[in-house]
């Protein structure tokens, strides 16, 4: 072993969590080191070549608002972008972009290599070194010792990674990478509770062998859509995806080979993701369905490789090929890579604080799939928070903890540290109680100021945010002050043209816009309101139309805030509190909630338990007051 250097923060892993963590820590002025098994695997997309979607797109926008990199990077490397759920309510509308995988990696690698205060090195970490319950450094396979004050673990699916294809299983990481065997053992030695999950990926096929005429084209949306609030980004191509379906023949091939499927033969032990099941799992679970959607997605502009979305599998290679050839358009498909399942270790996230720091190992933060989540976006969001808080720990500042009513990032982390995981966790809009407040469109308004205050968002971007806030507020004030009457034929013409009943009497433009079919652009076209940039006009319109619903959600948030404000001591011995059941005590001791609000969200803890805790806190408060008076 030799002393290889001294850093403030060391980030282990260079996936989507690691990239955000390393950049955040370095931007906040910490001397930061990123260590990865392979420099070629930085920001790798081993599964789907896309970023975004419902809840996931919200996360990307929030990362961007706080000063993270994912939104900017996908804008620079996307080859298609679409707005999903555009016909639904604003809470669930979301962007989704297809990425040029290699370009995404190149752009991210360059960003990391050029970042001040950040060193990027290729090395396999085999041990986390601690002293007196605090991290002190890491040891690599080649004997290098790097000292540090904080570590961010972002190991993805590498911990004791095991690749499974049919009857074949071997140690490995994603896309032919090496697994991290000794590091997993080191974490167990540190006393971390660990579990085993699995995920999978579909085969890739050559575009030259696909019969596109048998598929339905899925083009991207026109217009200036982007994830980042701060940069418009370069002009990017718009490459179509393609839709086809499995059929009875496909399903029969799978059913005839279930005895060879590791998912059913017992070869796979880890629990897989509920919301991204393999094709063999879908065929068994949804036996009555005649077919399942299959999307062909481009992997990039510089390759003929296509991703077969919806056909994730760990069936033997020969069965995978037969399955592919049964799908319309893929009869002659050349399989470039087989699908596979990968098993990996994760840690129980209830061992973490809301800052993503381990409760019993000071300075050790974890982010991404090691915490039991799935998805690039979930990983990146955790990485950003872990990187920020590692830097804040080094600088002796309070951690950044986002509330559930502030951000989807807050929902994600609170779910992990409070409820834990029994399967790979995927963020959904339905997991957020206040999703109308947490829209994709207002992420900058919600979080941009926080990003600026902690030091990630620069002055130029903050000034842009302030200008946007002012334009929105001015627009709302103008709409409230300006009144129109039903005796104005021009007004009536606009109203009728929009399909709304004629106006009777006088009303404000704000009340007029509350009508479902009347849009800001209709009033602007008639010269009744000033022309505004589309994103500002859309924000004003949304705030007007949903004002009542938003007000109700804010009242609910205020009610819950009272429970969040009642802090529970970290050293509270729940077994000493009379009235709590044994089950509740076990749950409370495992999670050690920071507040009554968090305690209420722990599975197995009832409202009656909260009442007991409330009485206990009041009793302790009175005893404390008496002691002071005496």
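Heads up, the Cβ atoms here are built off N, Cα and C, so glycines get one too.
Sequence annotations record features per position, and here Swiss-Prot assigns FAD binding site to 13, 14, 15, 16, 17, 18. The NAD(+) binding site annotation in Swiss-Prot covers 272-286.
Shown on the structure are the features that Swiss-Prot records.
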{"residue": "13", "record": "FAD binding site", "Cβ within 10 Å": "31"}
{"residue": "17", "record": "FAD binding site", "Cβ within 10 Å": "34"}
{"residue": "18", "record": "FAD binding site", "Cβ within 10 Å": "30"}
{"residue": "272", "record": "NAD(+) binding site", "Cβ within 10 Å": "21"}
{"residue": "274", "record": "NAD(+) binding site", "Cβ within 10 Å": "13"}
{"residue": "276", "record": "NAD(+) binding site", "Cβ within 10 Å": "19"}
{"residue": "278", "record": "NAD(+) binding site", "Cβ within 10 Å": "27"}
{"residue": "280", "record": "NAD(+) binding site", "Cβ within 10 Å": "25"}
{"residue": "284", "record": "NAD(+) binding site", "Cβ within 10 Å": "17"}
{"residue": "286", "record": "NAD(+) binding site", "Cβ within 10 Å": "12"}
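Cβ-based crowding with a 10 Å cutoff singles out 16 as the top-ranked of the binding-site residues 16, 282. The separation of residue 17 (FAD binding site) from residue 280 (NAD(+) binding site), Cα to Cα, is 30 Å.
Same-chain neighbours of the FAD site beyond 13, 14, 15, 16, 17, 18, judged by a C-beta within 8 angstroms of the site's C-beta center, are, in sequence order, 11, 19, 20, 21, 36, 43, 154, 156, 368, 379, 383. Comparing residue 284 (NAD(+) binding site) with residue 16 (FAD binding site), their Cα atoms are 33 Å apart once rounded. Residue 15 (FAD binding site) has 272 as its nearest neighbour among the binding-site residues 272, 274, 278, going by CA to CA distance. The 10 Å shell around the Cβ of residue 14 (FAD binding site) contains 29 further Cβ atoms across the protein chains shown.
Proximity to residue 16 (FAD binding site), defined by a C-alpha to C-alpha distance within 10 angstroms, is shown by none of the binding-site residues 272, 274, 276, 278, 282.
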